[in-house]
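Enquirer: When I checked Swiss-Prot for this same protein, it listed these features:
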BINDING   G164, A165, S166, I189, I230  NADP(+) binding site
Amino acid sequence: MQILDGKKLSQKIKESIKKEVEELKKEQDIIPGLAVILVGDDPASHTYVKMKARACKDVGIYSIVHEMPESISQKEIEETISMMNKNPNIDGILVQLPLPKHIDTTKILELIDPAKDVDGFHPYNFGRLMQGLDTFAPCTPLGVMELLDEYGIDVKGMNACVVGASNIVGKPMAALLLNRFATVDICHIYTKDLAEHTKKADIIAVGVGKPNLITADMVKERAIVIDIGINKVGNKIVGDVDFENVSKKASYITPVPGGVGPMTIAMLLKNTIKAAKQRKRS
C-alpha cells in the first residue's frame, strides 16, 4: 500500500506557482488577483478563507476578501460580483459556500464571469468540462487528478466508482475520470446496494461526509481509494473511509488529513494563474 501524499505534492505545486508568479510579474507585469466573497459567521468557512488567503500570499497572488454579514441581501452580493467582474486587477472570483438560506446560490454562481470562475462552478465551465474541453474544473476533483498523475496512475480502462453526486465534487469527479477514459459508476444517497458497486471498482472516490462509510469488505484487493470526505469525530478529523482497515487492502490510498484537502487549495492557485494568463492573452 502506498500513501497518496497531497500535502507533499501541494508544496511542490506551490513552489512551482511561486516561480510562475515571479515570471509573470517580471516579464509581463501581471500580478494575478483573487477576490473571495465570504458571507456570515460560519467558523469553517472563515477557516477555509484564511487558508486560501495565506496560500495566495505565500505564492505572491494578490487576494482580497469581501466579508459580508449573514443578513446581506441577494442584490448586494450580486452588485459585489458585478464589480469584481469589471475589475481588471481581479482574475479569479470565489464565493465561499455555503451561503445563507435566503440567498439563491445558483443565481450567484451564474453571475460570475466564466473567465474568472476559478472554482469551476459556472454552468458554462461545467458544460465544457462535460464535453472534455479545456476549462476551469472544480478544485477538489482537479486536485485528485493531479495526485493520480503525480503517482503515475493512469485510469484509462479502469472501473471507477464515485460515491457522492454533488455539483462541487461528485459530478465533476466523474466527468474528469470519464474524460480520461475510465468506466464510471456514480453512487448517491438513493443507491440501493453501495457495496455492489464499490467491490467492482479499481478506483473509488468518495466524498459525502459520512465517517467509515467505506469499509474493508466493500473494497477489492489492490483498489485505489480516494477519500474526499472531511468529518470531525471528537477531536479528530477523519474521512469517509475506514482508513485503518481499508489501507490493508488498497494499493494506493489518500489519508485524511493530508490527502485531497491540501490539493484543493493548490488547484485554486493553479486556476487563478490560468485565469491571469488567459486575461493577458485576450
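The backbone N, Cα and C atoms fix where each Cβ goes, glycine too.
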Enquirer: Using a Cβ cut-off under 8 Å and a sequence separation of 6 or more, which residues in the same chain sit near S166 (NADP(+) binding site)?
Expert: G207
Enquirer: What's the most sparsely packed of the binding-site residues A165, I189, I230, counting other C-beta atoms within 10 A?
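Expert: It is I189 that, of the binding-site residues A165, I189, I230, has the fewest other Cβ atoms within 10 Å.
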Enquirer: Long-range same-chain neighbours of G164 (NADP(+) binding site), Cβ under 8 Å, sequence gap at least 6?
Expert: G170, C187, H188, V206, G207, V208, I228
